[in-house]
Amino acid sequence: MKLDKLTSKLNEAIYNAQASAEKLGNPEISEEHILKEVLSQPDGLVPLLISKLNLSPKSFLESTENALGKQPKVGGNTSADVGFSRSAVSLLKAADEVRKELKDEYLSTDHILLGLMKNGTGSLKTEFLKLGLEYHKLLKITLENRKGKTIMDDSPEGKTDALAKYAKNLNELAKQGKLDPVIGRDEEIRRTIQVLSRRTKNNPVLIGEPGVGKTAIVEGLANKIVQGEVPEGIKNKTLYTLDLGSMIAGAKYRGEFEDRLKALLDEVKSSDGEVILFIDEIHTLVGAGATEGALDASNMLKPMLARGELRCIGATTLKEYQKYIEKDAALERRFQPVYVKEPSVEETVTILRGLKGRYELHHGIRILDSALIAAATLSNRYISDRFLPDKAVDLIDEASSKMRIEIDSMPEELDRANKRIQSLKIEREALKKEQDTASKERLKTLERDLSEQEQNFQTLKARWDLEKSKIGRLKQIKEEIEKYKNLEAEAERRGEINRVAEIRYGKLVDLQKELESANEELKKQESASRLLKEEVSEEDIANIVSRWTGIPVSKMLQGERAKLLLMEDVLKTKVIGQDHALRLVSEAVQRSRAGIADPNRPIGTFLFLGPTGVGKTETAKALAEFLFDDVNAMTRIDMSEYMEAHSVARLIGAPPGYVGYDEGGQLTEAVRRRPYSLILFDEIEKANPEVFNIFLQILDEGRLTDGKGRNVDFKNTVIILTSNIGSEILGSSEYTSEEKERLVEQRLKKHFKPEFLNRIDEVILFHSITDSVIHKIADIQLEGLRQKAKENGLDVSFTNELKDYVSKAGFDAEYGARPLKRLIQREVGNALSRYILDGKFTNGQNVTVDYRQGKVVVVV
């Protein structure tokens, strides 16, 4: 007997057997050591064969370990002289005899077990016979497993039963009810069946955007095959999905991956068309396993695909199909494309209705139909970079998950009561140490209060536990219904009519009644007194959308409505003297939040015109602060940086092949990260005219395609463009208001193209600041300075004389409010800073800033 032709698994087992003998202190490697290692190989042949005989590999392993425990042991270092025992040599000889009979080249682990059961003489064979293992049955299952092949190399394990190892049986999953129902994809499933039924090139490839339901179509086909709702051509066929990850994992040596793939393909081929192979992300096969001089996986598939020996369904996205499969013309012609389009909102609602039961069962909650409609419509409108129905299903799943967590967590009311009790207990312990009368009186009052609070807490807790148990019971009944529906479908497939009738008209009817009564019981509790909510509503979906995108799509609360109605007044406190401009901006935002604006355009597009320093940029800042509670929550793009025609690439991202392609554009990336935002394009007349072309689609369609070809959604942005065009006309006192408007309009038409001006919602003229409003502006600027001083521990007030002085000295009709800001900064700011630096003040001190004898002074 030669020991040079052992399979890698048997080599590994013998090596481990030697290590095991040394560890246990046994003087020799016995047949028990070898069999223990052979039986404990998780992906070995022996456990697989025993399982196929409907026996437990675990019981055989335990029996072997018991026999090992009775082996003699020696003390000291045994590693030097551990050799094979007589029983081990006999076992290997018996295995070699079996190998010769089966005409195998290599000695494998299955030969070891066959050799033991055929020619073994020890107690282990007797034990195995008691456990039900017989030689002729073992030989029969071994030959069946090999499918007429002999062992010609050292890794047969990777090639036997390759389908079971490297693919998942979708038919089995469908029978067990583990696949989600597939709704509204009949046309695509029919087209797939049509291609599969061809004589040659019967390989459909499903092409569609990520998340449109390509894999779901194959799962739908598996369901239809199991239910027998398919043409004769593919009736009783078995659908397997290839697990490329497990095929590549552990393929250490060159050619091992190809061996495994070849074995799997041969198994599919030998099934005579009974197996249909589904390869998800089929583009991963192109280049898989292609090391130096080796074929890649796709080239191994080509001959079988062309001859019709392999029926295969592929699935990939359009981008990857173009990148990998279209490049390889020979591979492309062997596949027949089936395009899977994104479903409409109405179709998505139908799909969600079909899936609703599964999600209700998993999370143990109820999903209202209005929530399904909201998930489809809101995801379509606000989540633009993903596809239906995937994004709508995700919304339902996350809202349900949030609801489940809330049911399992302590309700807010109960949590508050618990914290109050803890606080009172701490106070009680502190009062017990006090001896005065007031403390003793307070302790008595506190004891009564604590007793009431604890009683209230126990009542609330009992209510919570009761509601939880009722919701839990609902989940339990639904699980029972699902289980019996699967049993009914299985019985129907087997033709057990009596069993079907027993389940359908007996058990399911009873469970349905039980479910209705449990629902009624839960509804009896007043909704106002309920601690737990177990229904996912439209509002819950809207909250999840808001959390994902930052866009406020949930129903407006009373406080927000009042805030929006007062929007104009709030803005007037920040920007003085531009009431007309503020009214137009407020109206646009109110229209959008009330839901009556055009949903396919930005919230509002405004062109602010006027001389410098009149409040154009300040209005944008005030609006950002009002909408987002943060003055910095706006994307400001200074158009003076875009004077060259090529600088448009900085806004939308460099095209492929240029430096900076991966970085994206300043504008598009800002909006992708924050879809609900304010974008300020400052001083647009300074930009190159070419740059305005990108504004056309933003202002009209509310979208822009960036350098990577992605659509960026501007529908939830407020766009403000500022310009100084015609500022000398608006600042002049020579013209009337009507003349100013007409002259500025003429200037605009000269500078901007008609298609650009036509897309702007409102052109808002900011008029020069008059001396009547300069006092109010001075008040705002001084208040800002007062706040800064307060942060440094100084409480400042300003006299009317000072206010009169800065208003007169800082007013300049030509330059607006900026000279006033500079004057306050220079004179009042300097006076305060000198006072602080002199160290004359104490923290929290009150000082007054006055104007006396032509000087700004600080008075304590």
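Residue numbering: from 1, along the chain as shown.
Including glycine, each Cβ sits where the backbone N, Cα and C put it.
Copied from Swiss-Prot, the annotated features are:
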- 3-148: domain 'Clp R' (DOMAIN)
- 6-71: region 'Repeat 1' (REGION)
- 84-148: region 'Repeat 2' (REGION)
- 161-342: region 'NBD1' (REGION)
- Gly208, Glu209, Pro210, Gly211, Val212, Gly213, Lys214, Thr215: ATP 1 binding site (BINDING)
- 343-550: region 'Linker' (REGION)
- 393-527: coiled coil (COILED)
- 560-768: region 'NBD2' (REGION)
- Gly610, Pro611, Thr612, Gly613, Val614, Gly615, Lys616, Thr617: ATP 2 binding site (BINDING)
*Check the region 'Repeat 2' (84-148) against each of 6-71, 161-342, 343-550, 560-768 and return whichever range has the most CB pairs under 8 Å.*
6-71
_the region 'Repeat 2' (84-148) - residue tally per DSSP class, helix then strand then coil_ = 47 helix, 2 strand, 16 coil
*Using Cβ-Cβ distances, find the residues under 8 Å from Val212 (ATP 1 binding site) that belong to the same chain and are at least 6 apart in sequence, listing them in sequence order.*
Val340, Lys341, Glu342, Pro343, Phe387, Leu388, Pro389, Asp390
*Work through the binding-site residues one by one (Gly610, Pro611, Val614, Thr617) and name whichever has its CA nearest to the CA of Gly211 (ATP 1 binding site).*
Thr617
*Restricting the comparison to the binding-site residues Glu209, Lys214, Thr215, which residue's C-alpha is spatially nearest the C-alpha of Lys616 (ATP 2 binding site)?*
Glu209
_Cβ-based neighbourhood (8 Å from the centroid) of the ATP 1 site, residues Gly208, Glu209, Pro210, Gly211, Val212, Gly213, Lys214, Thr215 excluded_ = Ala216, Thr317, Val340, Glu342, Phe387, Asp390
*asked:* Out of Gly208, Gly211, Gly213, Pro611, Gly613, which of these binding-site residues shows the lowest number of other CB atoms within 10 Å of its CB?
replied: Gly211
*Which residues of the same chain, at least 6 positions away in sequence, have a Cβ lying under 8 Å from the Cβ of Lys214 (ATP 1 binding site)?*
Leu206, Ile207, Gly208, Asp280, Ala315, Thr316, Val340
_Mean of pLDDT values spanning the region 'Repeat 1' (6-71)_ = 79
*For Thr215 (ATP 1 binding site), identify the closest of the binding-site residues Gly610, Pro611, Thr612, Val614, Thr617, judging by Cα separation.*
Thr617
_Please report the Cα separation of Glu209 (ATP 1 binding site) and Gly610 (ATP 2 binding site) in Å, rounded to an integer._
47
_DSSP-derived helix, strand and coil totals, residue by residue, for the region 'Repeat 1' (6-71)_ = 47 helix, 3 strand, 16 coil
_Integer Å distance between the CA atoms belonging to Pro210 (ATP 1 binding site) and Gly610 (ATP 2 binding site)_ = 48
